[in-house]
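A.B. asks: Starting off with a structure, shown below.
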Amino acid sequence: QIFNQHNAEAPNLEQAFHRMAQMEPNLDHDVSWFLLPSYWAKMVVALTSFLCFANSYDGDFVFDDSEAIINNKDLRAETPLGDLWYHDFWGSKLSSNTSHKSYRPLTVLTFRINYLFAGGFYPVGFHVINIILHCTISVLMVDVFSILLGGLQFSNKGRRLNLAPKSSLLAALLFAVHPVHTECVAGIVGRADLLCALFFLLSFLGYCKAFRENKEGHTFSVFWVLVSVVLGAIAMLCKEQGITILGLNAVFDALVINKINLLELIRKLLYKDKSLENAGLLRKGLLFRITLLMCGGAGILYIRWRIMGTGPPAFTEVDNPASFADSLFVRAINYNYYYSLNAWLLLCPWWLCFDWSMGCIPLIKSVSDWRIIALAALWFCLIGLICQALCSEDSHKRRILTLGLGFLIIPFLPASNLFFRVGFVVAERVIYLPSIGYCILFTYGFSLLSKQAKKKKILAVAVLGILLINVMRCALRSSQWRSEEQLFRSALSVCPLNAKVHYNVGKNLADKGNQSAAIKYYREAVRLNPKYVHAMNNLGNILKERNELHEAEELLSLAVQIQPDFAAAWMNLGIVQNSLRRFEEAEQSYWTAIKHRKKYPDCYYNLGRLYADLNRHIDALNAWRNATVLKPEHSLAWNNMIILLDNTGNLAQAEAVGREALELIPNDHSLMFSLANVLGKSQKYKESEALFLKAIKANPNAASYHGNLAVLYHRWGNLDLAKKHYEVSLKLDPMAPGTKENYNLLRRKLEQLQKKGG
């Protein structure tokens, strides 16, 4: 609600405001809740939201954080800042066919700043920023809810009045402690949703400022409308949902500023009534402001479309199976079932999962499926709310219900599959903004119950209990997001049919060296999804390392048959075929991998090993050189080049390659060791000794380092030092090949010298 008067009538303005407040029902009148001054209310909300997620501050990088942060080259200083505007959220070029087209350059920029100030990939700073952002958003929600629930009014000094302090505090607390927000706050990738929400709310508050009377007495400010559009654009550059604030600003303008009765307007449009101006459509500059919003939104979308390209993102059937269904009926039924699941997560956020795809939610294929009840319940509630929002004679009720439904539905539209296919089934992060609408509807429902209830304190205690349960649930869920092991295992009970959950548990176990347990989960992932090529690839890798080569070959062959462009599986298949001494097939597999991924240094490295086994030395050196060109820090490729040149007697070339490698990777002790061997054979004993000692300092427990240094001293004539390092080498590895024989030779020589000296 807005009220404006000219400055000449300012002395009577406060009385007028009080009269208006009495004329319209006040939501706070029926709400049995705490009444706190604005400052204290915001402090309580900030502290509560902090307590919910504080234990996530020292969590690891988990799940999508690896791709969006650790493996994202856009965070590193060597990547020009300008590239952020042409790359997607994951660091890929937007023009690439493999890009997900998620364009969030401002979010990536904040990650880059985090990385810069932390001096590396230290997750604490990333988590702290997320927690601060959620606390800030929750505090802003006090002001937003005061407008949405109490209306928009200003004092004669231009200060906005809070006509629903109790209701806005309750709604803000509900938002602050909702467990479904955990993914956005505790998962660093959720930064996109948090930044989007921040500028989303600032855009809304900026739009509200447009109706504060200025000194010239104008009823609205074009400047603040334009500021709102700019803030909406910034929100969209953080995450795609941000653009929806422009639509919500238009809805707010129509309902609150112009008090349009939607049902009456629809009737007049249907009957072509010429009195549309009386319906409020053209009053107070509404049409002009909506035109500004529409032009701004269209301009933003056009610029994004030009940057992103015309091609849609490429998703697979496992990401969103319903969108690949042939039947329109099956697609519609399942989309609506997904909506009901999102609604349930808002109502009862107990079963939370990091990923809901890949079999977690089986498709509904017939009307006999009992889950149809969920769809019926959702639409029964929605239709009931929409009817009340349109047909109620109470304008206050119409306004709150329409705004609640608007904030619930409009921000969710980009994730609804209605306009384009999305890459997920259900995602808790996309409910962050729609939860604003849920909080409005919950608070309004609480006020209606309070009005009818005889024992209002019991109702207030019940709501307080819900808040406390949510706080505890947030703390528990935040602790699960602190490590991948806890996060993945927590999903096993929620989505036991999700192949990706079993895959991630298996991968986590494999990374920790527990291969036997990892095999069990990889096998279950493949059983649940027989086309899960990544699970087949990882399982094949483990079986290869355990020398179960034939089963590994079967799995990897099936993986490349299902996905012919799966370069990693082709390379691993080549490794297995090489181990089985089927060299021609192995070579073909390696080249197929390189065909599908041209910049593949590891594949060139393995191809070089194959050529070395076949004594095709020139081909081996060329393959390893390609690996080092693509990845200059590829230590194994450099090492193999040095060793091959050394073994073939090309000492000068081996030395040159070794020096080149150490310039690029100066702290690699294995390179120091290989070059030291070459220098020793070239009789450059002093330089060789220095490199051996440097390598030993970096890795003192390597028996071969001590053994080869002893050989150097043996040749050089420093027999005492040779004896010392032979003994250290044998102590570290009593079975070291050749060391014991060399040590015995040295002892006999020393004994002979002692006899001669005697």
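Backbone N, Cα and C define each Cβ position, glycine as well.
Keep in mind the model is a prediction, meaning the values are calculated, not measured.
So TrEMBL lists these for the protein:
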type	residues	note
DOMAIN	311-383	domain 'DUF1736'
REPEAT	499-532	repeat 'TPR'
REPEAT	533-566	repeat 'TPR'
REPEAT	601-634	repeat 'TPR'
REPEAT	703-736	repeat 'TPR'
TRANSMEM	131-151	transmembrane segment
TRANSMEM	188-208	transmembrane segment
TRANSMEM	220-237	transmembrane segment
TRANSMEM	243-266	transmembrane segment
TRANSMEM	286-305	transmembrane segment
TRANSMEM	372-391	transmembrane segment
TRANSMEM	403-424	transmembrane segment
TRANSMEM	430-449	transmembrane segment
TRANSMEM	458-476	transmembrane segment
A.B. asks: Thinking of Cβ pairs under 8 Å, which stretch from 188-208, 220-237, 286-305, 372-391, 430-449 has the most of them with the transmembrane segment (243-266)?
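C.D. replies: Between the candidates 188-208, 220-237, 286-305, 372-391, 430-449, the best contact partner of the transmembrane segment (243-266) is 286-305.
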A.B. asks: Rank 188-208, 372-391, 403-424, 430-449, 458-476 by Cβ pairs under 8 Å to the transmembrane segment (220-237) and hand me the top one.
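C.D. replies: Ranked by Cβ pairs under 8 Å, first place goes to 188-208.
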A.B. asks: Quickly jot the same-chain residues contacting the transmembrane segment (403-424) by Cβ under 8 Å, restricted to those at least six beyond its ends, or write none.
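C.D. replies: Contacts with the transmembrane segment (403-424): 100, 148, 200, 240-241, 243-245, 247-248, 251-252, 255-256, 312-313, 315, 319-320, 322-323, 331, 335, 338-339, 342, 356-357, 382, 385-386, 389, 430-431, 433-434, 436-438, 440-441, 444.
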A.B. asks: Can you break down the domain 'DUF1736' (311-383) into helix, strand and coil residue counts using DSSP?
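C.D. replies: Per-class counts: 36 helix, 0 strand, 37 coil.
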A.B. asks: Helix, strand, coil residue numbers for the repeat 'TPR' (601-634) per DSSP?
C.D. replies: 27 helix, 0 strand, 7 coil
A.B. asks: What else in the chain is close to the repeat 'TPR' (601-634), if you only count residues 6 or more beyond its ends and a Cβ gap under 8 Å?
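C.D. replies: For the repeat 'TPR' (601-634), the list is 567, 571, 574-575, 578, 583, 586-587, 590-591, 593-594, 640-641, 644-645, 648, 661, 664-665.
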A.B. asks: Cβ under 8 Å, sequence separation of at least 6 from the ends of the transmembrane segment (188-208): give me the contacting residues as numbers and ranges.
C.D. replies: 61, 63-65, 68-69, 89, 104, 106-107, 110-111, 123, 126-127, 129-130, 133-134, 136-137, 140-141, 143-144, 147, 152, 160, 224-225, 227-229, 231-232, 234-236, 238-239, 241-242, 244-246, 248-249, 252-253, 411, 429-430, 432-433
A.B. asks: Please list, for the repeat 'TPR' (533-566), how many residues fall into helix, strand and coil according to DSSP.
C.D. replies: 27 helix, 0 strand, 7 coil
